[in-house]
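Peer 1: When I checked TrEMBL for this same protein, it listed these features:
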type	residues	note
SIGNAL	1-25	signal peptide
DOMAIN	26-322	domain 'Plant heme peroxidase family profile'
DISULFID	36-116	disulfide bond
SITE	63	site 'Transition state stabilizer'
ACT_SITE	67	active site, proton acceptor
BINDING	68, 71, 73, 75, 77, 89	Ca(2+) 1 binding site
DISULFID	69-74	disulfide bond
DISULFID	122-318	disulfide bond
BINDING	164	substrate binding site
BINDING	194	heme b binding site
BINDING	195, 242, 245, 250	Ca(2+) 2 binding site
DISULFID	201-227	disulfide bond
């Protein structure tokens, strides 16, 4: 009586596993070895050139990859411009007048198209660019799995709902990352990318004027100098996310958190008496552990819902559907 259901369940499981294995196999570090062997070198050269021109661009490219993967998966949707049929993610709250580096990805795509037209996706170029940007500022490297294809759609509403807010509390952050298959440890490691880059006044104003017990008074005073209290006054003024070594990929971000010198609310909540305090403390003591965990978390993030096989397209330019 029980044999048929058991066989059916086993058969379904085998099909499920086979499909999963096939999907995983489609993403591979060697994906372009035969079809475009110079792709990675070409992207690396282009990204190094951009970061050498502007050090801050490294942080922007890592963030752009993150903002891509958290919306529809790592499919290059964040790169699409607004059209009559596409609600561009560039206009979402977290990206509008904030996300940057689009022209750097487009330039890398142009160089790759010269040697291998129609072969390498924008989603893959963005994934590789994030790795190369990290290396360019002294951060870790990792093996990027390749074979992603590009979406033909974008979703501003999904960007607004899926991307973590700089004002988020710890519980909200954990939930946002867990929804994408990333653990609290992955979240803390990925947040460590705030060891480089800058933030605009309007996203840290509330924190530096809060007079809260979770912010160092001297640090708050320093940040107020370039961020007036009145809303609309100096909103786009920039401050480094890491006051100590803003252009080097290191573990000072975590040391800052332990001194109540996190710039964003979503930074400081990682060390505020909650469940992630021990991870922050560990990373502050062991830079090697942080760098290894960051690389591992970036690989995991790059695996979020990629389009592969016959799904999606290979865009000719990254900002528009062919």
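Cβ atoms are placed via backbone N, Cα and C, with glycine included.
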Peer 1: Applying the rule Cβ within 8 Å of the centroid of the Cβ atoms of 68, 71, 73, 75, 77, 89, what extra residues of the same chain belong around the Ca(2+) 1 site?
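Peer 2: What remains near the Cβ centre is 67, 69, 70, 72, 74, 76, 78, 151, 154, 155, 158, 159.
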Peer 1: Just to verify a number: CA distance, residue 71 (Ca(2+) 1 binding site) to residue 201 (disulfide bond), in angstrom, no decimals.
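Peer 2: Residue 201 (disulfide bond) has its Cα 25 Å from the Cα of residue 71 (Ca(2+) 1 binding site).
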Peer 1: Considering only the recorded positions 74, 122, 195, 201, 245, 250, which fall within 10 Å of residue 68 (Ca(2+) 1 binding site) when distances are taken between Cα atoms?
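Peer 2: Neighbours among recorded positions, in sequence order: 74.
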Peer 1: Calculate the per-residue pLDDT averaged over the domain 'Plant heme peroxidase family profile' (26-322) and state the result as an integer.
Peer 2: 97
Peer 1: Restricting to the same chain and to sequence separations of six or more, state which residues have a Cβ under 8 Å from that of residue 201 (disulfide bond).
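Peer 2: Non-local contacts for residue 201 (disulfide bond): 226, 227, 228, 234, 235, 236, 237, 238, 239.
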Peer 1: Just the number: how many Å between the Cα atoms of residue 63 (site 'Transition state stabilizer') and residue 69 (disulfide bond)?
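Peer 2: So the Cα of residue 69 (disulfide bond) lies 10 Å away from that of residue 63 (site 'Transition state stabilizer').
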Peer 1: Could you name the residues, excluding 195, 242, 245, 250, of the same chain that surround the Ca(2+) 2 site, i.e. Cβ within 8 Å of the Cβ centre of those residues, in sequence order?
Peer 2: 196, 244, 246, 248, 249, 251, 252, 253
Peer 1: So for residue 242 (Ca(2+) 2 binding site), how many other CB atoms are inside 10 Å of its CB?
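Peer 2: 27, counting other Cβ atoms within 10 Å of residue 242 (Ca(2+) 2 binding site).
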Peer 1: Looking only at 36, 69, the disulfide-bonded residues on record, which one has the least crowded Cβ, with the fewest other Cβ atoms within 10 Å?
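Peer 2: 36, out of the disulfide-bonded residues 36, 69, has the fewest neighbouring Cβ atoms within 10 Å.
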